[in-house]
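**Student:** Annotation comment: TrEMBL describes 12-29 as compositional bias 'Gly residues'. Annotation comment: TrEMBL describes 115-683 as domain 'Major facilitator superfamily (MFS) profile'. Here TrEMBL flags 1-58 as region 'Disordered'. The transmembrane segment feature in TrEMBL is assigned to 113-137, 152-169, 181-199, 205-227, 239-262, 282-301, 391-412, 542-564, 571-590, 596-618, 630-653, 659-679.
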Amino acid sequence: MADRYQNHTHQQGGGDSYGTYGEGGGPDGYGYQADYPSQEEDAASDATEGHDEEDQMYEGEYQGIPHPDEVKAAQRAARAKARPAGSTISDLEELSEQYEDIMGDCGHGKFQWMLFVVLGLALMADGVECFVVAFALPSAEKDLCLSNAEKGMLGLVVFLSMMVGAFLWGGLADKLGRRRCLMVALAINCVFAFLSSFAQGYGFFLFFRLLSGIGIGGTVPIVYTYFSEFLQMEKRGEHLSWLCMFWMMGGIYASFTAWGVIPRYGWGFSMGSEFQFHSWRVFVLVAALPAIMSLVGLTFMPESPRFLLENAKHDEAWMILKQVHDTNWRAKGQPEKVFTVTHIKAPKTAEDEFIEIQTATGTPVQRWAVRSLRICKLVLRNVASLLSAELRFATLFMAIIWFCMAFSYYGLSVWFPDMIKHLQHEEYESRLKTFHGERVENFQFNFSLENQIHREGEYIRDKFVGIEIKSVKFEDSLFEDCLFEDIRSTDTMFENCTIRSTIFYNTDLWKEKFIDCRMENNTFEHNKHGCHLDTTDENDVLVYLVSFLGSLAVLPGNIISALFVEKIGRVRIIGGSMLISAGCSFFLLLSFSQSAIIALQCLFCGVSAAAWNGIEVVTVELYPASKRATAFGVLNALCKLAAVLGSSIFASFVGITKAIPILLSFTALVCGGLVALRLPDTRQKILQ
């Protein structure tokens, strides 16, 4: 039987620049054994012991079914025929075709599904990170005494840190390894997310969230690169699209846990007045669970064999590929199927080898410094190579598409809830009650005051005891011989008032509440200093509901793109979805109610999901293995920059006009969609 397939293997020449593993093979680099090789060969499986090789026969032989080796040979011949006459195959193309055939031998099964879940949890952690600060902020701003500027900086630092993380870890993943960098990035995220939940001051909380974001920022470029290198060409688009669903699950998980944890104020504890651990801090801890689970799962996963081959680590790559092969075929009930690759050819990377200082010379710090400097140079060289002649237009087109999509998507994602809050505020203000010139004497207020303005009133010997004062303003009023006891206030102030002989006992009415007031012979006892949580409705359920619906609306887009990405093509998916999203954003001009805005948000998010899936698949397929994570990291960093610009610009127009944000979004999506239609079709492209 071994002789039957001899025509598929040739003797290797000595003039190429490839290293080899094992024996045999030829110019094509496909060193396959027969289905049942002899026991003395290194690649032989124990499952073949006791079999007489000459007695084995391929089952499909009697039925005229081509042997798998013959099918692969026919595929290689078709690829060779498709190449222009007289052209020679490059080293990179030869390695790519060999690796594609090996992954075909390994099949798609249990191993890929295990890796799918582990990497999906990492992607889910990235989705959660985008919502953590937004959900925790309504409580954190009271707990940490945040000003509007500090709240804005906290929201801004999330995307800026993720931008730095995407660039950093994407570049390092091409030089140090996908698995290694992903584990370090997730570990950094977990550690500093944990520390941020205990930070009692704004400075420490901001610093820890910054480092947490730098860690999680590396997940997206590494996850897609890592997973794609374990997939066959015909499975790649579909399964990368299914992987995108985990980002949606991250948004749903964040919405549910925020709604279930943050309003439960009894879930916290305190140690005196210096250390407070409220329920929003519990939410920050719970939000780190997907990253922790992914980190644990990665300890059982191997490095990408394609990365190892790029770095001339043939033995390790061969063992991992054999592990993938055996895991899949055993799970399919065919443990006797042998991994038939006897050698793997990989390019030598002498120019990229790290310079090491001999142990006998220099200190450990010096050796670390030299190695770090070398890695930085290699990463920057890789980034610069994205603008080389062969990649220049691909990088330019993808940069435009990433930027336009992120600018519109994240800009509108911030605009939607802000616009809903603005409409709620307008409705709330429409119910404002105004009292003018009232005089109240010897009266005890035992009911809450809300959404009121009192002008030129007089309050003589009145008692305000055990009540809440919310969104109330006293202007040009007189308070004399009054008592304020056990008062909890929100958005309440006294402006240009005269306050005489009045006692304030156990209230949160302090200096910042009195603007241009005349204070005469007043007493403040046991007053609450600083900021305190309001246990009312500061965490509006509608905030969680809008985020939940926006995340859930992504599901149809994910399913459609996964099912049709191979049939319709990535380019049409991206271009069509971006143009449809532009239409959805344009219809926002006609929406004047909360329900209409929520409905259009769901439609926009669902269509945008298909575009995002196509963009991420094409990004993986356009770049070679040595630059894939770097390119993804650079483009994802550009995406975060666009998110910062979009969210800042769109938010600044809330309450002023909605025409400008909508027209900006429409223009960006149309431009990105038209550029996307110029991209090459990568459906039948072997990963380089």
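Even glycines carry a Cβ here, placed using N, Cα and C.
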**Student:** Where else in the chain does the transmembrane segment (542-564) make close Cβ contacts, counting only residues six or more beyond its ends and a cut-off under 8 Å?
**Tutor:** 127, 131, 134-135, 138, 238, 241-242, 244-245, 247-252, 254-256, 258-259, 413, 416-417, 420, 424, 573, 577, 598, 601-603, 605-610, 613-614
**Student:** Any residues 6+ beyond the ends of the transmembrane segment (630-653) with a Cβ under 8 Å from its own?
**Tutor:** 155-156, 159-160, 162-164, 166-171, 173-174, 217-218, 220-221, 224-225, 379, 382-383, 386, 391, 395, 398-399, 402-415, 418, 619-620, 622-623, 660-661, 664-665
**Student:** Take a look at 113-137, 239-262, 571-590 and tell me which one has the most Cβ pairs under 8 Å to the transmembrane segment (205-227).
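**Tutor:** By the under-8 Å Cβ criterion, the transmembrane segment (205-227) pairs most with 113-137.
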**Student:** Which sequence positions outside the transmembrane segment (571-590), separated from its termini by at least 6 residues, show Cβ-Cβ distances below 8 Å to it?
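**Tutor:** For the transmembrane segment (571-590), the list is 401, 404-405, 408, 412, 557, 561, 564-565, 596-597, 600, 603-604, 607-608, 610-611, 613-615, 618, 658-659, 662, 665-666, 669-670, 672-674, 676-677, 679-681.
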**Student:** Mind looking up the mean pLDDT for the domain 'Major facilitator superfamily (MFS) profile' (115-683) in the predicted model?
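**Tutor:** Across the domain 'Major facilitator superfamily (MFS) profile' (115-683), the average pLDDT comes out at 85.
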